Every structure is written in C-alpha cells, then in structure tokens.
Amino acid sequence: MEAGGLADSLLSGACVLFTLGMFSTGLSDLKHMRMTRSVDSVQFLPFLTTDANNLGWLSYGALKGNGTLIFVNAVGAVLQTLYILVYLHYCHRKGAVLLQTATLLVVLVLGFGYFCLLVPDLETRLQQLGLFCSIFTISMYLSPLADLAKVIQTKSTQRLSFSLTIATLLTSASWTLYGFRIKDPYIVVPNLPGILTSFIRLWLFWKYPPGARQELSASANLREFI
C-alpha cells in the first residue's frame, strides 16, 4: 500500500473510531433512563440536534460518495434515534418532545424536497448541502458557550463532562485532518470550533478542578464556624 493510501486509511479509521466513541457517550444517559425509568437530568435537545446533524452529513456523504461519512453518520443516526425513542418512552410529558420531533421531521422533509427538486445540478447541490451541514455543526459546537460562562461564574466544572471533552477534541481534530487530506473545506471549517471549545473546556478543568468548589465552600464554612 502506498504512503498516501495508508495515511488516508489511518485518518479514516481515526474519524470512525473517535466519532463513534463520542456518539456512544449517550449510552450512559440511556442506561440512566432505563434504570430510573425516568428522564430526570437528561436533556432531549442534544439527541435531536445530533440526529439532524447526522442525517445531514449522511446525505452529504452519499452525494459525495464518501464511505467514511456514510458509515459514521448512519451509525450515529441510528444511535441518536434510539436515544430519542427511549427518551419518549420514559418521558411523562410527551407533548413538547413530540412537537420538537415533529418540527425536525418537517424541516428534514422540506430540506429534502428543496435539494432534490429545486437544485437539480449535483455540484451545486453538494456545495449548498455542505454549507448547510457546516453551519449547523458550527452552531452545535458553539451552543455550549453559555455553559462555559456559567462555569466561570460558579468556578465549578461540575456541569462539564471530561470524557466528552476529550472525545470531542479527538473527533474534531481527526475530521479536520481528514478534511485537509481530501481537500474538503466543508469538513475542515466546522470542526475547528470543536477543537477551540474543547481546549477552552480543558483549560477550565485545569483552572477549576473537580472538587475545588466544594473545598472552597468547606473552607469558608470552617472560617465562619471559627
């Protein structure tokens, strides 16, 4: 095997491995829902937006004929759909959840109709779909910035997941390198914010290590007692 082909295979394998690892972090939520038979402390919107993101990139990969994109996002879409179905099963107030899911389905149908019926040129369709997927992915990576602000305010990283941060960093970095390798800016650009926000989270873990907030509170209480 030539060096170029080996590099492509290694990058493709890294993308598959790290991305599936990131998607599998939802299995802990799945286990929690099944054990408690409730959706307490489990957020529904990330499942829904990730599923939509997977379906978008799956369509882009199919249009581009890229097996790595197709495989990763097909598995991701199946997992996220599973998380959504389990959430719906254990959720007591299904009205809002069903409304959000129905809205997503309508958007997907409209998007499918637009790209298939109104954009007949395949190259134009590929560019517009790639742009849409890139913008959607960037918005997903930037959406937790509000949580990062709360971490700084409270000086506690309790609301952050260290394992998910590492998984996001590895996934974003591998897709960025893969995008550079196949010369696809629609893959490169949306993963750069993922790298940036992951490093910000790691810095927050370093500055506010787990347990530091509790130690500060205990010290303050001790001083008040004395």
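Backbone N, Cα and C atoms are what each Cβ position is placed from, and that goes for glycine too.
TrEMBL does not curate its annotations; it predicts them automatically.
Panel annotation: around the transmembrane segment (6-23), residues 50, 68, 71-72, 75-76, 79-80, 164, 167-168, 170-171, 174-175, 177-178, 181-182 of the same chain, lying at least six beyond its termini, place a Cβ under 8 Å from a Cβ of the stretch. Annotation source TrEMBL lists transmembrane segment at 6-23 (among others).
Beyond the transmembrane segment (69-90), the same-chain residues lying 6 or more positions past its ends with a Cβ under 8 Å from any Cβ of the stretch are 15-16, 19-20, 23-24, 26, 29-30, 33-34, 37-39, 42, 44, 47-48, 50-51, 54-55, 57-58, 60-62, 97-98, 101. Per TrEMBL, transmembrane segment is recorded for 69-90 (among others).
Marked as transmembrane segment by TrEMBL: 97-120 (among others).
What TrEMBL lists as transmembrane segment is 160-180 (among others). Note on the transmembrane segment (160-180): residues 11-12, 14-15, 18-19, 21-22, 25, 68, 141, 147, 151, 186-189, 191-195, 197-199, 201-202, 204-205, 210 of its chain, located 6 or more positions outside it, place their CB under 8 angstroms from a CB of the stretch.
Sequence-distant contacts of the transmembrane segment (186-206) (same chain, at least 6 residues past either end, Cβ-Cβ under 8 Å): 60, 130-131, 133-135, 137-138, 141-142, 144-145, 148, 151-152, 157, 160, 162, 165-166, 168-169, 171-173, 175-176, 178-180. TrEMBL lists 186-206 (among others) with the feature transmembrane segment.
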Which residues of the same chain, at least 6 past either end of the transmembrane segment (97-120), have a Cβ under 8 Å from a Cβ in it?
44-45, 48, 51-52, 55-56, 59, 84, 87-88, 91, 128-129, 132
